[in-house]
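Since the structure comes first, as structure tokens, the remarks are kept for the end.
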Amino acid sequence: TDEITSFSIPKFRPDQPNLIFQGGGYTTKEKLTLTKAVKNTVGRALYSLPIHIWDSETGNVADFTTTFIFVIDAPNGYNVADGFTFFIAPVDTKPQTGGGYLGVFNGKDYDKTAQTVAVEFDTFYNAAWDPSNGKRHIGIDVNTIKSISTKSWNLQNGEEAHVAISFNATTNVLSVTLLYPNLTGYTLSEVVPLKDVVPEWVRIGFSATTGAEYATHEVLSWTFLSELTGPSN
């Protein structure tokens, strides 16, 4: 039988039951707040149930799609840090280094023990690993904060960013689309050999960080659907 995991959170509740909060993450009426506009914070929120993302017996990998709306709001609209991610990590995942590491990684060198894939929405230029053009960007990260693929992105401060992320298990392509209400859009895709990177069972979630500069990072809604094909007996 196929394993299907599906959930939809059209808006968050103060006592949201199916989330695990880490660092500064919490829910209020209708939204998930990862960071407030204060310096040097890390906030994360995970879906409470582990997800079976691949199966060692069959070798099968799940197809999945997740959609969410997030808002980054910096008080002055200009000095913004550090960014927001959707990530896939081991079931026992804990907050990692803050600041430019976005709460999901601890270094810029490839670390296979991290077993983490993230899609980052990076608002602050870290010269040691970010694209040399110095621009804000969307990135796909595999076991390191240094993205394997990036797309420059103009943050619309305080606006709702509508995101869809999907993984095609046949092609191993991870695709990201971001759309603002004024129809400015961005797309990015890259091959990610998921079963060579993450454990069979994972947690999924969001993280956000601030540093010397800051912003509020909020999620307004979240859906997820994965399908892992069972043995073909």
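The backbone N, Cα and C atoms fix where each Cβ goes, glycine too.
Swiss-Prot lists Glu120, Asp122, Asp130, His137 with the feature Mn(2+) binding site, giving similarity to another entry as the kind of evidence. Non-local neighbourhood of His137 (Mn(2+) binding site): Glu120, Asp122, Asp130, Pro131, Ser147, Thr150, Lys151, Ser152, Trp153, each in the same chain, at least six residues away, with C-beta under 8 Å from its C-beta.
The Ca(2+) binding site feature in Swiss-Prot is assigned to Asp122, Phe124, Asn126, Asp130; the stated evidence is similarity to another entry. DSSP gives Phe124 (Ca(2+) binding site) a coil state; it is part of no helix or strand.
According to DSSP, Asn168 (N-linked glycosylation site) is assigned to a strand segment. If you look up Swiss-Prot, you'll see Asn168 marked as N-linked glycosylation site, on the strength of experimental evidence.
Within 10 Å of the Cβ of Asp122 (Mn(2+) binding site) there are 27 other Cβ atoms, across all protein chains. With a cut-off of 8 Å between CB atoms and residues at least 6 apart in sequence, the same chain places Val80, Ala81, Asp82, Gly83, Gly100, Arg136, Gly211, Glu213 near Phe124 (Ca(2+) binding site), listed in sequence order.
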